[in-house]
Amino acid sequence: MKIVLLGYMASGKSSIGKRLSEVLDLNFIDLDTYIESCDKMSIKDIFKNKGEIYFRRQESIYLQEVLAQATDCVLSLGGGTPCYGNNTQLLNSTGYHTVYLRAGIATLVDRLTKEKQLRPLVAQLSSDQLTEYVAKHLFERAAFYEQAKQIISIDNKSVEEICKEIKLAL
Ligand code: S3P
């Protein structure tokens, strides 16, 4: 069984993916962590030292690498991974159960305000700018996320509830 979690920054892909992998007794792969360990640099430093275009190239190369190796697993993508090279379609057609963790703008802004420093795309934004940025960016990305086989609204749900919903759909 191969499951991929996708969605906007701070939608819970990593924490839900980790828990889901425990519940299903599967390997867990977090693409951002994989990139960081291969490049021996944090995502923040990759953006700072090499730029976003370099990051997108590495993200795509490492996704192919993970897909070529991965047996049954839960894979959490980065927020931008589905939006470059139409990766949601690729994952759907290669047998992955793709799940979009759909969060509302208020939830995302609230979480990102607390975790902004970890995310280079939003680290420099003020609170007012953050709301506008997330609304526009999510609108642009939604078409890629919504190609997932399963869509779950995650606002006000616990990690356990979300894992249960995913498990029921498998
Ligand atoms: C990004 C999301 C991040 C990380 C990078 C770019 C994006 O991952 O891959 O900062 O473009 O949305 P998370 O979604 O895990 O924060």
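Cβ atoms here come from the backbone N, Cα and C positions, even for glycine.
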From Arg119, Arg141, the one annotated by TrEMBL with Ala10, Ser11, Gly12, Lys13, Ser14, Ser15 for ATP:
Arg119
Of Asp25, Asp30, Asp32, Asp39, the one that TrEMBL places in the same substrate site as Arg56, Gly79, Arg141 is Asp32
Lys13 (ATP binding site): tally of other CB atoms within 10 A of its CB:
27
Under 8 Å by Cβ from Ser15 (ATP binding site), same chain, sequence gap 6 or more
Val159
Which binding-site residues from the set Asp32, Arg56, Arg141 come within 10 angstroms of Ser14 (ATP binding site), judged by C-alpha positions?
Asp32
Spatially speaking, which of the binding-site residues Asp32, Arg56, Gly79, Arg141 is closest to Lys13 (ATP binding site)? Use C-alpha to C-alpha, please.
Gly79
What DSSP gives for Ala10 (ATP binding site), in three states, is coil
